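**Student:** Dropping the structure in here first, questions after.
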Amino acid sequence: MTKEVRVRYAPSPTGFLHIGGARTALFNYLYAKHHNGKFIVRIEDTDIERNVEGGEASQLDNLKWLGIEYDESIDIGGPYAPYRQMERLDIYKEHAEKLLAQGAAYKCFCSSEKLEASREEQKARGVAAPTYDGTCRHLSAEEVAAKEAAGEPYTIRMRVPENVTYDFEDLVRGQVTFESKDIGDWVIVKANGIPTYNYAVVLDDHFMEISHVFRGEEHLSNTPKQMMIFDAFGWEYPRFGHMTLIINENRKKLSKRDESIIQFVTQYKDLGYLPEAMFNFFALLGWSPEGEEEIFSKEEFIKIFDEKRLSKSPSMFDKQKLTWMNNQYIKKLSLEEVVALSLPHLQKAGLLPDELSAVQHAWATDLIGLYHDQMSFGAEIVELSSLFFKDHIEYDEEAKAVLAGEQVPEVMAAFKAQLEELEEFTPDAVKAAIKAVQKATGHKGKNLFMPIRVVTTGETHGPELPNAICLIGKEKAIDRVEKFAQ
């Protein structure tokens, strides 16, 4: 590849970093780094009314958190600055005037009411996709001047060439073709002087020397409009690649209103998902490596990334796979790292104080250690460890079935007696106490362990029993046995 690879992720600050945007950014990043190229983040902020406070920061901060490092953007600058569209208005204005001068564009004075009436009339005739009817396309220079002199507001429209076929080799889906007759003259500059997306993006891509454009499938129909602008100026197209949709488990297109899936990167961060796991998961959301392996480091992904393996079929957002993958990464963490990940969630839930004594921190560390290999994300520790913070235990049907055994009263009475005699309350001491109960009662296996587990923890499954009872504490464990006996 002779020309330097330069790709871009160009979000609008109309919302926070979405999983779809994160995937787009990631594939662009991997492609650039695989080819020793540059990854640019450009902010497309011309939709002023819809821009939200914190939108820009969410995009940049969460990309950094994911480990998607960009080479040029609004915060670090670069040779093609500015990287914010509202700071590039002079460029768009200058080139719109060039398009007007060469007749490739024209001023349109049609009111929104007239345009709406035209759309409705076309729909009534059965036109599936109404287009502009061309009212102002043939205005003379004198007519245009008169309307301007009268102060009539206008937009600038692209004069769509007649009988032109726009075809290109899409890097994901192969040959794609559009016909100019299906497009209609479209607005490149709105009445307020702000450029539209399909116009501004071409100028930005050209002047920033973007070589490849990887983006979502929803942008496919924008491509012929953008090709018109490139053609009008005699500029070379970048290579285009349109990634398939992300779908939910019902195989429906992922919508931001779909509450069955957490959709924003910052939400995963807040729940205690790991950035390395999210990076790994997003990389496999519409791309597949050779072989069966699914866990890769960032460096490995950069080395093996091949755009030819981008999927042509919709990509399902598999929540269970993400949970499994995050657990694989949590297992690799040290105990200290797992504590740093999950302890704040216990504190936020009000289960532990914000300021911990050395004894409290040691207890919390042991508690979290019990669930190290089981934990799927940091916040899950609150649910996993709930048995340690309950004042009152309620037994479910499975637990009640265990406690219905004839041997249970004898086992629990013996266990209570053993607990009361313990001077040191350690896992080894509790283990010895359980063995003593076995010896005294003759009960063993599930008939011994299950009643003790259910009465002391309220659960039929859980972490290593002596360790759990030790963390519950002698006084609380005895209290739970006594309440059961009542």
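Using N, Cα and C of the backbone, Cβ positions are placed for all residues, glycine too.
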**Student:** Pick from 11-21, 110-120, 451-461: which range has motif ''HIGH' region' per Swiss-Prot?
**Tutor:** 11-21
**Student:** Under Swiss-Prot, which of the candidate ranges 218-222, 253-257, 353-357, 473-477 is annotated motif ''KMSKS' region'?
**Tutor:** 253-257
**Student:** Please work out which residue of Cys108, Cys136 has the most C-beta neighbours within 10 angstroms of its C-beta, and give that one of the binding-site residues.
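**Tutor:** Selected residue: Cys108.
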**Student:** Taking DSSP states H, G and I as helix and E and B as strand, how many residues of the motif ''HIGH' region' (11-21) are helix, strand and coil?
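**Tutor:** Split by secondary structure, the motif ''HIGH' region' (11-21) comes out as 3 helix, 1 strand, 7 coil.
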**Student:** Among the binding-site residues His138, Lys256, which residue has the largest number of other Cβ atoms within 10 Å of its own Cβ?
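**Tutor:** Of the binding-site residues His138, Lys256, the most buried by Cβ count within 10 Å is Lys256.
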**Student:** Which binding-site residues from the set Cys108, Cys110, Cys136, His138 come within 10 angstroms of Lys256 (ATP binding site), judged by C-alpha positions?
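**Tutor:** So the list is empty; none.
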**Student:** Let me know the model's mean pLDDT on the motif ''HIGH' region' (11-21).
**Tutor:** 94
**Student:** Three-state secondary structure of Cys108 (Zn(2+) binding site) from DSSP?
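**Tutor:** SS state of Cys108 (Zn(2+) binding site) = strand.
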